[in-house]
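Student: Can you keep this structure in mind? I'll have questions shortly.
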Amino acid sequence: MEDFVRQCFNPMIVELAEKAMKEYGEDLKIETNKFAAICTHLEVCFMYSDFHFINEQGESIIVELDDPNALLKHRFEIIEGRDRTMAWTVVNSICNTTGAEKPKFLPDLYDYKENRFIEIGVTRREVHIYYLEKANKIKSEKTHIHIFSFTGEEMATKADYTLDEESRARIKTRLFTIRQEMASRGLWDSFRQSERGEETIEERFEITGTMRRLADQSLPPNFSCLENFRAYVDGFEPNGYIEGKLSQMSKEVNARIEPFLKTTPRPIRLPDGPPCSQRSKFLLMDALKLSIEDPSHEGEGIPLYDAIKCMRTFFGWKEPYVVKPHEKGINPNYLLSWKQVLAELQDIENEEKIPRTKNMKKTSQLKWALGENMAPEKVDFDDCKDISDLKQYDSDEPELRSLSSWIQNEFNKACELTDSIWIELDEIGEDVAPIEHIASMRRNYFTAEVSHCRATEYIMKGVYINTALLNASCAAMDDFQLIPMISKCRTKEGRRKTNLYGFIIKGRSHLRNDTDVVNFVSMEFSLTDPRLEPHKWEKYCVLEIGDMLLRSAIGQVSRPMFLYVRTNGTSKIKMKWGMEMRRCLLQSLQQIESMIEAESSVKEKDMTKEFFENKSETWPIGESPKGVEEGSIGKVCRTLLAKSVFNSLYASPQLEGFSAESRKLLLVVQALRDNLEPGTFDLGGLYEAIEECLINDPWVLLNASWFNSFLTHALR
């Protein structure tokens with residue numbers, strides 16, 4: 001086919017087709033049918049324009065090539081065949097000088113006589129199907145469409161064929177000749193079948209036999225065959241259709257399409273009530289680490305050994321006491337539980353050899369904290385089905401909570417940089433293809449921006465805790481196992497570091513189903529005084545357990561060290577997802593990649609390097625009451641990562657519902673900003689669906705508050 005194209009078409013046309021394919025990254029050695037189609041289309045555009053001029057009186061005249069009057073103004077401006085940038089420049093220039101409406105897609109020609117853009121189509125299928133596809137794609141009454149086929153058929157907007165009979169006959173004859181030449185070389189069948197629909201994703205597979213019969217039988221009423229239905233769908237114009245259908249429905253259905261204007265949306269109503277409280281499985285910005293650098297002790301890497309080594313680095317332990325009680329809990333039991341952990345760790349140190357794992361004694365305080373024997377007894381349904389007043393016990397509605405400032409502070413802190421490196425660059429083999437090289441470059445730049453981020457620390461902490469808890473839940477089902485909360489990182493100088501955040505004690509864990517719950521008690525170190533924001537720590541009992549000497553500008557200062565203790569629970573499926581938290585890195589990298597791709601397609605080259613190395617440029621990060629916040633590309637990477645991490649840490653049905661429902665409103669607002677004149681019905685119902693997800697979850701309430709800021713600034 002390639003040889004045929006080079007013989008059959010003018011070298012200038014072949015060169016333009018080669019350029020066009022290169023611009024779109026297509027290989028003409030492989031896509032030979034496409035190469036032929038582009039050449040054919042170019043030739044038809046040139047033939048359409050040839051010999052047509054406008055004289056001094058503004059009349060259209062036909063002049064042969066050797067005529068001395070060839071200096072007359074060309075009737076048609078050829079846009080097809082130019083590179084994209086030049087083509088758009090020509091289109092913009094025409095629009096500015098003639099007042100024509102700017103088309104959404106690049107047309108092929110401009111007709112100075114009729115003052116309209118023209119889209120030329122050359123099809124190997126039926127002209128009406130291709131015409132409908134073109135019209136459906138362009139969606140503009142201003143652009144004139146003219147379709148030619150290889151069989152001599154043609155179709156044009158409003159049957160206005162623009163050119164005289166003879167000029168069109170020349171084009172049809174040339175197309176018929178190309179078809180004959182291809183057929184004589186055995187190339188026509190392949191060429192005919194290779195035509196794709198206009199900008200559609202699906203291939204037009206030939207459906208035969210049983211599948212074809214089933215397709216024809218499965219159509220809506222009034223359609224005799226699949227092709228008719230396809231043509232109808234391709235040419236379907238949705239405006240006014242929904243209203244028409246609604247009017248045919250039951251009289252009880254009275255949905256009216258209301259125009260959605262800048263004044264239409266109202267802010268989302270956030271609930272009133274006491275401030276929301278912390279509900280993550282482990283402490284975030286308030287966590288304190290006991291650390292060892294360059295660990296080389298015996299048993300290094302065994303969690304219990306590492307934990308004991310970290311505990312030995314602190315010398316300020318003191319008699320613990322409760323500073324912030326848990327309102328509903330038996331606080332002395334939390335205090336006794338911590339004392340028990342200290343005592344049993346001391347027992348281990350006195351032993352000759354430290355064991356790999358530690359099962360706690362089943363004391364009354366731990367049994368209470370872990371809910372041992374608290375579950376209601378299960379009775380077989382057959383034994384009680386005759387009881388007349390058998391019913392499920394009533395459960396209280398959750399109490400509404402209001403947004404509190406601590407969750408925004410948590411998020412801001414998650415976006416910040418720490419002085420440690422939490423992820424290493426993956427060791428991946430040499431790049432083979434150019435695309436791999438670009439992917440590696442993007443990954444390396446992104447990793448450099450987020451490796452020090454606190455959100456990345458949360459990922460590694462979450463992965464470790466969930467992995468350890470799931471392992472213990474399966475390996476020691478009946479035991480109250482002590483699980484150290486550990487993470488590993490590197491200092492800026494590259495030295496390895498092991499960190500201890502506290503401990504978890506796991507309850508009984510016979511987890512048969514994914515949703516079966518294992519209870520655990522978490523005990524976490526902190527320097528945060530809980531009395532500063534008591535509402536945040538509603539679910540915790542907080543002890544003061546020691547004094548820590550900290551270096552400051554005025555020398556060493558002593559600060560009280562606290563232990564945040566609470567009963568919590570999780571399930572197999574939650575732990576499984578917790579172990580997968582590294583996916584957050586991938587999700588945010590993909591979001592950054594789509595930003596790079598958008599920039600690259602505008603500049604027509606890969607912009608990865610410029611994107612990350614142009615430190616002066618700022619990018620939108622998010623909305624706040626002050627307006628659109630902007631920051632460096634590193635800040636954008638870390639903010640996107642923090643959002644993804646918080647979606648994982650604060651995953652809940654409230655978040656699922658809010659994300660799904662608010663997205664609908666977001667799409668309508670974006671359509672309004674794009675001047676697409678959106679319409680809605682039952683907007684009140686959508687607000688209701690969004691607001692019923694705003695109950696007490698801090699992350700959902702913060703997202704709703706951000707959404708309101710977006711609404712305010714988007715509709716100015």
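Just so it is clear, glycine is given a Cβ too, placed from its N, Cα and C backbone atoms.
As annotated in Swiss-Prot:
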BINDING   HIS41, ASP108, GLU119, ILE120  Mn(2+) 1 binding site
BINDING   GLU80, ASP108  Mn(2+) 2 binding site
MOTIF     124-139  motif 'Nuclear localization signal 1 (NLS1)'
MOTIF     184-247  motif 'Nuclear localization signal 2 (NLS2)'
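Context for these features, please: burial, neighbours, distances.
Tutor: Around ILE120 (Mn(2+) 1 binding site), a 10 Å sphere centred on its CB holds 21 further CB atoms from the protein chains shown.
Sequence-distant neighbours of ASP108 (Mn(2+) 1 binding site) (same chain, six or more apart, CB under 8 Å from its CB) are HIS41, CYS45, ILE78, ILE79, GLU80, ILE118, GLU119, ILE120, listed in sequence order.
Computed over the motif 'Nuclear localization signal 2 (NLS2)' (184-247), the whole-number mean pLDDT of the model equals 71.
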Student: Within 8 Å of the Cβ centre of HIS41, ASP108, GLU119, ILE120, which other residues of the chain have their Cβ, at the recorded Mn(2+) 1 site?
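Tutor: Nearby residues not in the site list: VAL44, CYS45, GLU80, PRO107, LEU109, ILE118, GLY121, VAL122, HIS146.
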Student: When secondary structure is assigned with DSSP, how many helix, strand and coil residues does the motif 'Nuclear localization signal 1 (NLS1)' (124-139) contain?
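Tutor: Computed counts for the motif 'Nuclear localization signal 1 (NLS1)' (124-139) are 12 helix, 0 strand, 4 coil.
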Student: CB neighbours of GLU119 (Mn(2+) 1 binding site) within 10 A?
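Tutor: By my count, 23.
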